[in-house]
Amino acid sequence: MKVTIIGTGYVGLVNGACFAEKGHHVICADINQNKIDQLNDGQIPIYEPGLAELVHANRQAGRLNFSSDVEAAVQASDIIYIAVGTPMSPTGEADLTYVDGVAETIGKSLNGYKVVVNKSTVPVGTGKRVESIIRQHLGGREASFDVVSNPEFLREGTAIKDCMNMERAVIGAESKQAMQLIRELHEPFNTIIVETNIETAEMIKYASNAFLAMKISFINDISNICERVGANVVDLSYGLGLDSRIGNKFLDAGIGFGGSCFPKDTEALISISKNVGYEFKLIESVITTNKNQPIHFVQKIDTIVGSVAGKKIAVLGLAFKPETDDMRSAPSIPIIRELISRGAEVHAYDPVAIEQAKLVIGTDVVYSDDLLQTVDGCDACVILTEWPQVVKMDLDEVKKRLKQPILIDGRNIFDLAEMEKRQFVYASIGRPDINAYASQIG
Ligand SMILES: NC(=O)C1=CN([C@@H]2O[C@H](COP(=O)(O)OP(=O)(O)OC[C@H]3O[C@@H](n4cnc5c(N)ncnc54)[C@H](O)[C@@H]3O)[C@@H](O)[C@H]2O)C=CC1
Ligand SMILES: O=C(O)[C@H]1O[C@H](OP(=O)(O)OP(=O)(O)OC[C@H]2O[C@@H](n3ccc(=O)[nH]c3=O)[C@H](O)[C@@H]2O)[C@H](O)[C@@H](O)[C@@H]1O
């Protein structure tokens, strides 16, 4: 089948590569000329494991092309995906400027029956909005089309795996013809298809992200209680998750959820609820807990180190999760800002996200992609992202290089007994501190 995907970001590029891998003919279109030039030069503008290989293989096979001529790309295919950003507006709701812009372009370019599929995460009612914008821009031409909602559930860092082995495809459509076409498009993925109306499909996406965010804030709240009562949240999560009704995933306590979606989509869901006169208090609490978690972590660092003012603090990991260079709403941002405002000198390590981090955090931080160099001569080491390089770091060498053997772990990577044996001052999330008395000497 011939598919055009408008918006060549994390979602558009990954879907383009995966559709092509399954045998479809795909054009990825974007108004960002620089991005398209890079892709046509064989460079991948984002860091996502396995993406470069998949893109190159499918370009060579002639199934994947890139273009900045969005109108021509619309005309060349029967199925048009919208995969542009829907960032948070200052008032919390999803900003639909880019989606509206694409709908306008589609309206101006339609040249025959097309199925327009919304893959971006959009509030309920956007399907109808897109349809109306397309109609307004047909300029009197005869062109038939249907709008479909097909939300995305991939995660950054494992995007290719998630897309190639998708657990479900949610398809919201009013037209039987359009439903059938998008069903066929997904046939090679051999997945469960959820057929529903557009409004339900749009809501499934927000409900999914809000539920996952709720699990994280729940376990973070529990971890804060564990710290006060001497319980261990890692053991607790294990015990809790063995109940198959609860499940063991998304119960890792930490420094709060970040990324381009949970923070914005929980806010957007609050706006959707308010617009229909409903106060979604549960999700409001999820957001509050998440905003407090990084600050709670800085307070912990301050206590263990004995005030960070004038101290050199090594921060390991900047990206909001491993295997991505995405810094959008990364918890490292409020944590580092708070450390600096309390007078700390921050030295930060990340294997891939430094360039992105500089754009949001700025130049008040000493950046390095060399982990051991980062910890050299620091008063304490703080873990923010569970990169494999951090999980497997040489603890003896880290201890040797630090001024004091203080490790404060926002991701609960290390075993408590092991850290005790290695004589680290070790604090983590929702677990008892190890050798914390030693901080008194700092
Ligand atoms: N990043 C993720 O992991 C996931 C994102 N989503 C949703 O998917 C959507 C896209 O997200 P990302 O891929 O992260 O965004 P992104 O910001 O990485 O990419 C969006 C792309 O759209 C392009 N664009 C904007 N206006 C355009 C126009 N008029 N014509 C052509 N191209 C245009 C931009 O230049 C940019 O390259 C969002 O709604 C997001 O919530 C859903 C699931 C996962
Ligand atoms: O709509 C989206 O954009 C996507 O949002 C998330 O994917 P993503 O943000 O890429 O990453 P996650 O693995 O979900 O992690 C999000 C944040 O939660 C944190 N997290 C995750 C799991 C956990 O147990 N604890 C925890 O603190 C991570 O560290 C990270 O900061 C969802 O998992 C995807 O299904 C969804 O498609």
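Glycine residues also receive a Cβ, built from the backbone N, Cα and C atoms like all the rest.
TrEMBL annotations:
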- CYS261: active site, nucleophile (ACT_SITE)
- ASP30, LYS35, THR86, THR121, GLU156, LYS264, ARG328: NAD(+) binding site (BINDING)
- PHE153, LEU154, ARG155, GLU156, LYS205, PHE250, LEU251, ASP252, ALA253, GLY254, GLY258, LYS321: substrate binding site (BINDING)
- 314-416: domain 'UDP-glucose/GDP-mannose dehydrogenase C-terminal' (DOMAIN)
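Structure with TrEMBL features highlighted.
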{"residue": "ASP30", "record": "NAD(+) binding site", "CB count, 10 Å": "24"}
{"residue": "LYS35", "record": "NAD(+) binding site", "CB count, 10 Å": "20"}
{"residue": "THR86", "record": "NAD(+) binding site", "CB count, 10 Å": "24"}
{"residue": "PHE153", "record": "substrate binding site", "CB count, 10 Å": "16"}
{"residue": "ARG155", "record": "substrate binding site", "CB count, 10 Å": "16"}
{"residue": "LYS205", "record": "substrate binding site", "CB count, 10 Å": "26"}
{"residue": "LEU251", "record": "substrate binding site", "CB count, 10 Å": "19"}
{"residue": "CYS261", "record": "active site, nucleophile", "CB count, 10 Å": "22"}
{"residue": "LYS264", "record": "NAD(+) binding site", "CB count, 10 Å": "23"}
{"residue": "ARG328", "record": "NAD(+) binding site", "CB count, 10 Å": "21"}
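Proximity of the binding-site residues ASP30, THR121, GLU156, ALA253 to ligand 1, judged by a Cβ distance under 6 angstroms to any of its atoms, singles out ASP30, THR121, GLU156 in sequence order. Taking a Cβ distance under 6 Å to any atom of ligand 2 as the criterion, the binding-site residues LYS35, ARG155, LYS205, ALA253, LYS264, ARG328 reduce to ARG155. For LYS205 (substrate binding site), the spatially nearest entry among the binding-site residues LYS35, THR121, GLU156 is THR121, judged by CA separation. Across the domain 'UDP-glucose/GDP-mannose dehydrogenase C-terminal' (314-416), DSSP classifies residues as 35 helix, 19 strand, 49 coil. Its Cβ taken as reference, GLY258 (substrate binding site) is surrounded by 25 other Cβ atoms within 10 Å in the chains shown. In three-state terms derived from DSSP, ALA253 (substrate binding site) belongs to neither a helical nor a strand segment and is classed as coil.
Calculated from their C-alpha atoms, the gap between LYS35 (NAD(+) binding site) and ARG155 (substrate binding site) amounts to 21 Å.
For the substrate site, whose annotated binding residues are PHE153, LEU154, ARG155, GLU156, LYS205, PHE250, LEU251, ASP252, ALA253, GLY254, GLY258, LYS321, the maximal Cα to Cα separation is 24 Å.
Note on proximity: among PHE153, ARG155, ALA253, GLY258, the binding-site residues of the record, the Cα nearest ARG328 (NAD(+) binding site) is that of GLY258. In this entry, ASP30, LYS35, THR86, THR121, GLU156, LYS264, ARG328 make up the residues listed for NAD(+), with the farthest two CA atoms of the set 24 Å from each other. With respect to their backbone Cα atoms, ASP30 (NAD(+) binding site) and LEU251 (substrate binding site) stand 37 Å from each other. The two recorded residues, THR121 (NAD(+) binding site) and CYS261 (active site, nucleophile), have Cα atoms 9 Å apart. You'll find the Cα of GLU156 (NAD(+) binding site) roughly 10 Å from the Cα of CYS261 (active site, nucleophile). Spatially close to ALA253 (substrate binding site) yet at least six residues away along the chain are ILE219, ASN220, ILE222, SER223, VAL233, VAL234, SER237, ASN412, ILE429, GLY430, judged by Cβ distances under 8 angstroms. According to its DSSP assignment, ARG155 (substrate binding site) is coil.
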